[in-house]
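Report on the structure given below.
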């Protein structure tokens, strides 16, 4: 067997061994051609009138190493997905005109050939073959990437001034100000180290230009296709993938940051106000996979007097069908139709002997319940409900399709080869969520952790709403969160979804967290940046796995600094990764961190932060409502209120929590003092009640203190929170 796919597996950042690189070469560029022919002794490319012998290669090992996010169970799968045995490659002469090519694989006296492929050189031209709509005089240097196959991309330049700052582009982990950086906007599951790699689960083709002269503005490329950005000197170059029409639709918003954000959200939608309970502490651990474990963890919260408002149960179904409690007894619905609550019974010796009673008990204690989801359907089971559901998805037209009409199978490393429901249309959204309705209506589940959503790879995938993959893939996580929000609303509940992936339009759909991260100080800093950039784009309800979820248990200092900061973020949650149930445990519960580190300060200080968080819930609820009404972020970068103060850019991790509180997380180990910049105004140190002048102020930061300052005008109302 010999395989060559010009686009490869369409990993956005890596090359697969059967790929053409580049897929769309420029005139005068050579092309690297790859094939996979595991049993071949010799492979030859028929390239026009030339015959090019291929050499055996080591299947993108460098890409696999670069993309593995570090230690963790997903890193192995990630690296493995890019490898292949029997990889061959050859570099062609520079491409000057369209060329047809094919491959011949030889083994002994036998030969096998591929079909013919064609590649055409492309050139950038300033000829008026397309149109940039909108932008006016801000748009310069318009060019189009053209080949004999059509117009593929457009690019243009936006003028910047000295001192202008670029903030936005969705959730970004590497820097608040993206001036001088190169980035793109494509939904991608980067397992850890997102800031190092410059990738994100939640991109948006939108940014603020915070003007050094006070004349700010912003822009939105109205597309769901991939875009690229590069700023050098006083210009921002924007490159846009095109569809059938050579048109770029660009919106420009003039005004201060809040005005710019309002213009953007008026187009794409804004957050829906969620109930106050979402601001309480969330507790989670992937290995809490039985009723006994979940109950025990919540009992310990109670016994140690550590308030908790929600528990996220990830392994309730053990990642098989994600619809039925593990060990439940039931009859398979062979047509893939939804079960009802009365269709199930639960074994006394099973993992979840009485999940309804467990949820009722948690509710009686004031603890909400969130269940994990992923928008994939496993296919490795030949019998049972999972197999019936997979067959129904394909048979009844609910699957995302390949260009040839077959069902798309996940090309990524997590749930490989799984089917993907086509959530672009209401028909499939209803079919997919109806299987979970009994969880909401009978079990009284309060929300869903809508994990994943980054699994669509392929420019030519086919969606039922008429889009192809190049246009529909980035929108997939938006449809996904919407589907579960609609399910919850239909049952009379708030649309509490908890997602990591998203795109333009995600602002209207629930809560987000920063995704997979190690327990390191660098990840802590990256997560703060992620929260601020997401907020700049209209994400209101946002959090992270405090102190990271992956790798060894964090030391006490990192854990407590992260908990202190998280008490002053929109969502406060701890979580731990799957670790094959090995010992020692890697739970991030405060008592386990205390036991692991031997530091007896952890539990009392964490209790202090969680109790303080309870007192902040009314303030956070009030401020979230104000955010939605005014478009001034809840976790607010300082430039929204102090855009004309150049000093704020020297303090990129500081932020306002609502209108009244300024937060400066302690982000380095071993700190005994910490310096905060207080913009113009009158401020109160919330821990001492002392009035503090604006400017640079340094205070002691023992582990129980994160620098927080309140505007003096609201101190009388907020003082009881900190008493």
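Just so you know, glycine gets a Cβ as well, placed from its N, Cα and C.
Feature annotation from Swiss-Prot assigns active site, nucleophile to 451; the stated evidence is a curator's inference. Residue 451 (active site, nucleophile): 21 other CB atoms within 10 A of its CB, across all protein chains.
Cβ neighbours within 10 Å of residue 454 (active site), excluding its own Cβ and spanning all shown chains: 26. Sequence annotations record features per position, and here Swiss-Prot assigns active site to 454.
All protein chains considered, the CB of residue 516 (active site, proton donor) has 24 other CB atoms within 10 Å. According to DSSP, residue 516 (active site, proton donor) is assigned to coil rather than to any helix or strand. Taken from Swiss-Prot, the feature active site, proton donor applies to 516, supported by a curator's inference.
Annotation comment: Swiss-Prot describes 581 as substrate binding site, evidence class similarity to another entry. Its Cβ placed at the centre, residue 581 (substrate binding site) has 9 other Cβ atoms within 10 Å.
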